[in-house]
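Accompanying notes for the structure given below.
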Amino acid sequence: MSSAIYLENYLDGLESLPTELERNFKLMRKLDDRAQTAMKSIDSHAKDFMRKLGENGAMSEDERRERQEDIKALFGKAKEYSDDKVQLAIQTYELVDKQIRRLDNDLARFEGEIQEKASSTRAKSEEVVAKKGRKKTKDSKTTGKKKKSASSDEETGRGNNQSNANSSVNSSSNAGQGSKKKKSKVNQEKETRKGGAQKKTVEVDDSEKESCHTAATHPSDVMDMPVDPNEPTYCLCHQVSYGEMIGCDNPDCPIEWFHFACVGLTTKPKGKWFCPKCTQDRKKK
């Protein structure tokens with residue numbers, strides 16, 4: 001129920017209250033006047049009774065008893081008027097108290113509804129933040145997998161190119177060695193035919209062997225994959241998103257997302273979580 005409906009219902013209940021209070025106050029005033037009139041009459045009768053009672057032989061026994069009964073009746077009337085006035089005052093008090101209790105109950109009910117709505121809104125807000133955190137973590141994992149896959153493909157391509165280069169170098173080296181060996185054998189046969197000269201052993205150039213061996217056995221180191229300069233950075237380490245991350249529940253947090261390891265977490269904590277900077281700022285307040 002909205003506050004406007006509460007107010008409207010309460011004003012409807014108060015609409016007849018002034019009329020009832022006015023009627024009760026008028027009756028109380030009339031009863032008070034009657035009681036005061038009775039008390040004045042009692043004073044007058046009492047003075048007259050005491051005056052005649054003081055005179056010797058001025059009042060008979062029957063007259064004295066009659067005057068006493070009259071004074072007693074006046075006292076009864078005054079008491080009746082006073083009792084009616086007290087009852088009417090109690091009734092008026094209960095009438096006002098009823099409206100006050102009704103207002104208190106309506107206010108308590110209205111406050112309960114406000115707190116319930118606030119709790120519901122807070123729960124929905126936390127659920128939205130949690131969903132954003134899970135989505136951010138999922139996107140971070142997907143981005144990390146894509147980067148690893150791209151890096152692996154690039155390393156594989158460079159490895160294949162290096163292998164092809166090494167194979168070409170080895171083939172060239174082997175071909176050179178074969179041709180030189182053939183020349184050596186031809187020269188040796190010629191020397192033998194000419195007069196039995198000693199055979200020459202033709203050695204392959206050591207520098208060529210060393211260069212071929214180095215090219216075949218020491219491929220170039222794989223370079224690190226370059227980082228996209230346009231990718232946003234997070235956390236206290238100012239690095240890109242990777243692995244498990246947690247979001248700060250302070251909506252004004254300048255960093256917003258943090259790596260678990262950088263803030264000393266292994267699992268997501270229950271309830272709200274604030275980063276170290278926001279925690280210090282909250283303590284200062």
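The count begins at 1 with the first shown residue.
Cβ coordinates are placed from backbone N, Cα and C, and glycine is handled just like the others.
Small disclaimer: the values here were computed from a predicted structure and weren't measured.
Under the heading Zn(2+) 1 binding site, Swiss-Prot lists Cys235, Cys237, His259, Cys262. Cβ environment of His259 (Zn(2+) 1 binding site): Tyr234, Cys235, Cys237, Gln239, Tyr242, Gly243, Glu244, Met245 lie under 8 Å away, each six or more residues apart in the same chain. According to its DSSP assignment, His259 (Zn(2+) 1 binding site) is in a strand.
Look at Swiss-Prot and you will find Cys248, Cys253, Cys275, Cys278 tagged as Zn(2+) 2 binding site, backed by sequence analysis. There are 23 other Cβ atoms within 10 Å of the Cβ belonging to Cys275 (Zn(2+) 2 binding site).
The compositional bias 'Basic residues' annotation in Swiss-Prot covers 131-149.
Look at Swiss-Prot and you will find 160-178 tagged as compositional bias 'Low complexity'.
What Swiss-Prot records for 116-225 is region 'Disordered'.
In three-state terms derived from DSSP, Tyr234 (site 'Histone H3K4me3 binding') belongs to an extended strand segment. A 10 Å cutoff on Cβ-Cβ distances gives Tyr234 (site 'Histone H3K4me3 binding') a total of 20 other Cβ atoms nearby, all chains included. According to Swiss-Prot, the site 'Histone H3K4me3 binding' annotation covers Tyr234 (among others), on the basis of sequence analysis.
Over all protein chains present, the Cβ of Met245 (site 'Histone H3K4me3 binding') has 23 other Cβ atoms lying within 10 Å. The site 'Histone H3K4me3 binding' annotation in Swiss-Prot covers Met245 (among others), and the record cites sequence analysis as its basis.
Annotation source Swiss-Prot lists site 'Histone H3K4me3 binding' at Asp249 (among others), citing sequence analysis. With a cut-off of 8 Å between CB atoms and residues at least 6 apart in sequence, the same chain places Val129, Lys272, Trp273, Phe274 near Asp249 (site 'Histone H3K4me3 binding'), listed in sequence order. Mapped onto three states, the DSSP output places Asp249 (site 'Histone H3K4me3 binding') in coil.
Annotated site 'Histone H3K4me3 binding' per Swiss-Prot: Trp257 (among others), in sequence order.
Taken from Swiss-Prot, the feature zinc finger covers 232-281.
Neighbour counts of Cβ atoms within 10 Å were taken for the binding-site residues Cys237, Cys262; the minimum is at Cys237.
Cβ proximity to the Zn(2+) 1 site centre (mean Cβ of Cys235, Cys237, His259, Cys262, cutoff 8 Å) flags the following additional same-chain residues: Tyr234, Leu236, Gln239, Phe258, Ala261, Val263.
A coil conformation is recorded for Cys275 (Zn(2+) 2 binding site) in the three-state DSSP classification, outside any helix or strand.
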